Amino acid sequence: MKQPVRVAVTGAAGQIGYSLLFRIASGEMLGKDQPVILQLLEVPVEKAQQALKGVMMELDDCAFPLLAGMIGTDDPKVAFKDADYALLVGSRPRGPGMERADLLKVNGEIFIGQGQALNEVASRDVKVLVVGNPANTNAYIAMKSAPDLPAKNFTAMLRLDHNRALTQVAQKAGVAVADIEKLTVWGNHSPTMYADYRFATANGESLKDKINDPAWNKDVFLPTVGKRGAAIIEARGLSSAASAANAAIDHMRDWALGTNGKWVTMGVPSDGSYGIPEGVMFGFPVTTENGEYKIVQGLEIDEFSRERINFTLNELEEERAAIADMVK
């Protein structure tokens, strides 16, 4: 058996946390041969801490062979101590009458604190995934607040958009999700994201050619993927928690264990690829190997795609401007 690794999860007693923790503890994220120690963070509020205790009791009651230990805390420095992986799930949701700029600032405070704590106590190789929205900008803030950790260690979750897009394309083309390769999502995890199947194939056949419906792409596909979260809230009365947790598992598993040359989508700090300014936390097609991701290079960006990429980039630049005074 391998040595246990430490996995920190924030917002651990929330909806997504509840869908996530049991899957991490069962080995779905890091493999069936990798023991884990869960380090669980919740806000310093009695109700949340009580709920966290209940979740930990349930984790105990599963008797997972791979769960080598567990702590629950309200202190980020305890939760992130020596963490090898950190899933930052907890964030402040938008309340009634709250402007987006207010939301950015409120979450900015949270992610500055968490970035600083990671900087101070986490493993120097910690892999950080920000799930809490606005995920790209929260990840950017955490990254900027952790100057002693490599910027590449910080990522934002676009895998939910990616997975949503996969299923829509599979259903339209009449192919199996598992057979689709080379689909990607560019930009921000928001309705402005650009899901792109121009390069995608199923069993070697071009999906763009198979679908061959530009009107569907623009008027049905992109709005459906972009507004899927809102559609789920409307239908279920609650936000998409299980599918978000599933996407977080996918993102971390692929980052840790590799994609064998397959493309996946990750929000990563730009290296200037495709004209995206350096440092912007942006969804790109990537491949991963040995715990490192690489942005897929050399893809042609046509006029429609450039327009959509600029649109989502502009939103990210506006978000960055809104919190510019908070991060150096």
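For all residues, glycine too, the Cβ spot is worked out from N, Cα and C.
Gln114 is the only one of Gln3, Gln114 that Swiss-Prot places in the NAD(+) site (with Gly11, Ala12, Ala13, Gly14, Gln15, Ile16, Gly17, Asn107, Val131, Gly132, Asn133).
Within 10 Å of the C-beta of Arg100 (substrate binding site) we count 14 further C-beta atoms, all protein chains included.
In the three-state DSSP scheme, Gly132 (NAD(+) binding site) is classed as coil. Among the residues Gly11, Ala12, Ala13, Gly14, Gln15, Ile16, Gly17, Asn107, Gln114, Val131, Gly132, Asn133 said to bind NAD(+), no two Cα atoms are farther apart than 20 Å. Ala13 (NAD(+) binding site) carries neither a helix nor a strand DSSP state and counts as coil. Each of the binding-site residues Gln15, Gln114 was scored by other CB atoms within 10 A of its CB, and the lowest score goes to Gln15.
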